[in-house]
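Sequence annotations record features per position, and here TrEMBL assigns domain 'Cytochrome oxidase subunit I profile' to A:10-523. Positions annotated as transmembrane segment by TrEMBL: A:30-51, A:71-94, A:106-129, A:154-180, A:243-263, A:275-299, A:311-333, A:345-365, A:385-405, A:417-439, A:459-484, A:556-574 (among others).
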Amino acid sequence: MSSLATEKKGFGAMIWEYLTTVDHKKIAHLYLVAGTMFFVIGGIEAMLIRIQLAKPDNDFLSAGLYNEIMTMHGTTMIFLAAMPLLFAFMNAVVPLQIGARDVAFPFLNSLGFWLFLLGGIFLNLSWFMGGAPDAGWTSYASLSLLSPGHGIDFYALGLQISGAGTLISGINFLVTIINMRAPGMTYMRMPLFTWTTFVASALILFAFPPLTIGLFFMIFDRMFESNFFVHTMGGNTIIWEHLFWIFGHPEVYILVLPAFGLFSEIFATFCRKRLFGYSSMVFATILIGFLGFMVWAHHMFTTGLGPTANAIFSVATMAIAVPTGMKIFNWLMTMWGGSIRITTPMLYALGFIPSFVAGGVTGIMQASAPLDYQLHDSYFIVAHFHYVIVGGVVLALFASAHYYWPIMFNQMLNETLGKITFWFFFIGFHLTFFFQHFLGLMGMPRRIFTFLPNQGLDFFNLLSTIGAFMMAIGVTLLVINVIITAIKGEKAGQDPWGDGRTLEWAVPVPTPFYNFKQTPLVRGLDPYWIEKMEGNKEGMVYAEPLSDIHMPNNSILPFIISLGLFISAFGAMYHQETTWGLYVLIGGIGLSVLAMIIRSLKDDHGYHIHKEDLMDDKGGNV
Amino acid sequence: MDYNTKHTPHTWPKHPETASMEGKNKVTGFWLFLGGETVLFATLFATYLALKDRGPSGMKFSTHELFELPLAFIMTMLLLTSSLTSVYAMYHMKNFNFKAMQAWISVTVLLGLGFLGLEIYEFVEYVHKGFGFRQSAFGSSFFTLVGTHGVHVIIGLVWFILLMLRNAKRGLNLYNAPKYYLAALYWHFIDVVWVFIFTVVYLMGVM
Amino acid sequence: MSEETTLTPRTEKEFEYDRKRAARGMRKQVAAFAMMILFTFVAFAAVQAGFPANFIGPVILLLAGVQVALQFYFFMHWDEKGSGTAQFFMYSAILVAFTMVLTFVTIIWWGE
């Protein structure tokens with residue numbers, strides 16, 4: 001059982017180790033690999049979209065296929081790429097940042113991952129099983145109920161499974177941060193990435209249940225003959241719009257808040273200066289989280305909710321600019337007077353500020369309900385949310401890939417190649433999306449598969465496609481960078497950037513599976529920096545003497561629980577047209593429930609690493 | 001301190017559910033989960049309120065003639081009382097009186113089963129009258145809201161029964177005390193949801 | 001993570017005191033239960049008696065709210081120390097829940 005025993009292992013044993021692991025560092029690897037896989041799939045879909053729109057009257061894709069690709073691009077990127085990749089960094093870093101030996105519920109951490117992965121695979125299987133969903137990532141009920149085939153069923157069931165995983169992970173991070181902080185790590189000493197993870201997890205907790213219910217309504221309506229959205233039977237499709245956006249808007253903040261946190265870490269590290277306005281950053285994060293729940297109807301200004309509702313949501317939306325602006329200024333003030341090192345992560349951070357501000361400003365434009373009637377469903381919207389998501393979240397993910405690579409893999413990605421990657425991606429990004437603002441203002445609607453020539457749309461669309469190719473080159477360079485680094489195999493060692501401030505840089509690399517031999521004592525904000533400045537060679541002071549460490553056991557049950565739901569989803573989908581569907585549905589759920597009952601009846605006390613073994617173990621910093 | 005340590009009433013901590021780190025995490029995590037459940041049920045309530053009395057043109061069902069207060073009243077009393085009996089169970093858990101705790105949980109389970117039986121009877125009656133899940137938006141939203149609550153009751157009962165059987169031989173320890181505590185919290189939460197169901201669905205439906 | 005919690009056995013005096021306190025706490029629980037039963041009875045009786053709906057509606061909602069508060073503060077131990085996190089997240093959830101219900105009874109576009 002002990003991971004100590006599995007140090008030397010073959011390929012099969014490694015697979016088994018990853019299937020059963022409950023170690024947050026290994027689960028971070030899993031999230032990173034799976035998230036990257038879906039990111040590449042979503043990226044290929046994006047390239048197909050841009051190829052189709054490179055010239056007017058193109059017939060590279062048919063209209064129906066275009067709808068499927070566009071739907072899957074959005075769904076994949078939001079649910080299966082951006083969120084898991086953020087979870088990868090949360091898993092890799094947050095427990096270390098707060099001085100914990102693992103997350104609060106290691107078993108649930110693993111369960112969350114497998115639910116996400118199998119849900120994502122289920123969704124993508126639609127390509128091979130009669131067609132993908134084609135009603136847009138918002139899947140408005142009035143459209144999606146009438147979509148033939150099983151595409152929308154794949155959407156609803158797949159997101160249901162992976163959404164459950166996300167909810168579980170969210171609760172896990174909340175409890176970890178509430179209960180597992182090392183002595184001295186008060187709330188107001190937590191690194192900003194931990195804070196943003198905390199608030200984003202709280203948003204997950206409250207935003208995912210409405211999505212779950214909305215998806216259940218969709219599943220019931222499409223597969224079990226209920227009538228939630230069927231207007232001839234008294235249903236109401238506006239309900240779906242509300243449920244989707246009550247989830248969907250907080251979702252944007254679930255993505256972007258951790259990105260803010262990652263950049264906050266990067267700014268402080270490479271400006272070699274304490275983050276400016278720490279408490280106002282925390283306050284702004286909480287305020288954004290709160291306001292994020294009160295603005296969903298700005299996605300529905302043109303639905304016809306009436307002037308009162310539109311006015312309220314308009315004002316609330318504009319209010320979000322205030323805390324966001326606070327953050328931007330704090331980052332600028334952190335740089336002011338700092339001794340800045342332009343590393344690859346810092347380069348991304350510098351590129352992030354103007355890009356995200358541009359996305360924020362167009363957001364304020366749309367917050368004005370009368371103007372939104374003009375902009376709604378045009379390419380202006382497409383440009384806006386790509387500026388926010390790519391300019392905010394994806395840049396943060398790339399920056400952190402470089403920044404945290406040494407923590408996750410004990411290697412440094414090549415800096416020169418990293419900077420080249422940045423310029424390709426950054427220029428390509430602005431080329432792609434900047435001109436889409438004008439396309440939108442000129443009246444080009446979103447979600448159309450082609451456009452007519454000589455309406456002034458040709459050139460900007462071509463530019464946009466060229467930009468997309470540059471982004472693709474950038475991503476490819478990053479992958480090449482990873483491969484080169486892996487082949488070279490140079491060890492990075494502890495704190496390779498030399499300017500680490502927080503506890504994740506204070507642990508030895510490769511990090512032992514128990515993280516901290518002795519629980520650290522935190523004496524202030526940026527604890528590792530404090531110890532460094534005081535000349536403490538060990539980098540930590542300890543809160544407890546060396547003693548036995550209690551660790552959780554690995555388990556295959558999370559995988560089996562997820563597999564059961566995966567199987568039952570096929571049953572739900574085919575139960576109307578086949579005789580076996582119902583049995584598969586019940587059997588799959590039965591398998592999950594059985595695994596849960598085994599989990600509940602079998603005592604799992606974990607095991608202890610003994611003090612003596614800890615002292616023998618080399619590589620620690622004692 | 002090991003999980004398997006045998007306790008006496010004197011060594012038993014005042015708050016056994018949070019005496020271990022794992023217990024503490026479980027209690028915090030469960031409260032967060034209940035927060036999520038609150039939003040989940042709010043979604044179902046909101047949908048029910050939006051779709052109440054809505055159906056195909058000419059639908060003859062409405063809350064006024066469908067719901068019967070005496071039945072709802074008996075169900076409410078059963079569930080409320082079961083909430084108190086589970087409080088008694090937790091009182092004895094904290095006093096390290098295993099037998100009394102198991103006994104009170106058994107009473108809770110019996111009351112819960114009574115509630116469940118009446119609910120099933122009610123649903124069957126409605127379906128007999130032609131008011132089903134598939135016949136109208138009203139039906140869909142009613143059965144989803146009340147049915148989801150019913151599923152929670154079933155889960156709560158199964159949870160209690162599994163706990164009682166699993167620990168019947170070995171008694172209380174710091175490993176299973178948090179489990180009992182959480183099952184009781186879950187049961188209270190089920191009651192909380194029911195308070196709003198009988199008020200919003202039944203009482204406001206017939207007034 | 002670690003289950004090593006040091007427990008010091010209670011002295012006989014402490015033990016007796018805690019027992020008495022717990023018994024007194026239990027009486028409080030029963031009192032709360034009596035109030036819940038009373039509120040439920042009043043709510044059902046008010047509706048049965050057929051008072052005007054605009055009047056009973058808010059009253060029974062209020063009774064439900066108080067009853068739920070009793071459940072939380074007594075049955076679910078919010079009156080004890082260390083329930084701050086639970087309360088914070090539950091109140092946040094209630095805020096979201098309230099917003100959602102308000103939305104669905106006001107702006108879902110029934111054209112009437």
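In case you wondered, yes, glycine gets a Cβ from its N, Cα and C as well.
Within the chain, the transmembrane segment (A:311-333) has long-range Cβ neighbours (under 8 A, six or more residues past its boundaries) at 260, 263-264, 267, 275-277, 280-281, 283-285, 287-288, 291-292, 294-298, 301, 349, 353, 356-357, 360, 363-364, 367-369.
Sequence-distant neighbours of the transmembrane segment (A:243-263) (same chain, 6+ residues past either end, Cβ-Cβ under 8 Å): 78, 82-83, 86, 89-90, 138-140, 191-197, 199-200, 203-204, 206-208, 210-211, 213-214, 217, 285, 288-289, 292-293, 295-300, 327, 331, 349, 352, 385, 388-389, 392-393, 395-397, 399-400, 403. A contact between the transmembrane segment (A:556-574) and the transmembrane segment (A:154-180) is present, since 3 or more of their C-beta pairs, 6 or more residues apart, lie under 8 Å. Taking pairs at least six residues apart, the transmembrane segment (A:30-51) and the transmembrane segment (A:385-405) share fewer than three Cβ pairs below 8 Å and do not count as touching. Cβ atoms under 8 Å from those of the transmembrane segment (A:385-405) belong to residues 77-78, 82, 85-86, 89, 92-93, 252, 255-256, 258-260, 262-263, 265-266, 269, 343-345, 348-349, 351-352, 355-356, 358-360, 362-363, 411-413, 418, 421-422, 425-426, 429, 432-433, 436, 478, 485, 492, 497 of the same chain, restricted to positions at least 6 beyond its ends. The stretch with the most CB contacts under 8 Å to the transmembrane segment (A:417-439), chosen from A:106-129, A:154-180, A:345-365, A:459-484, is A:459-484.
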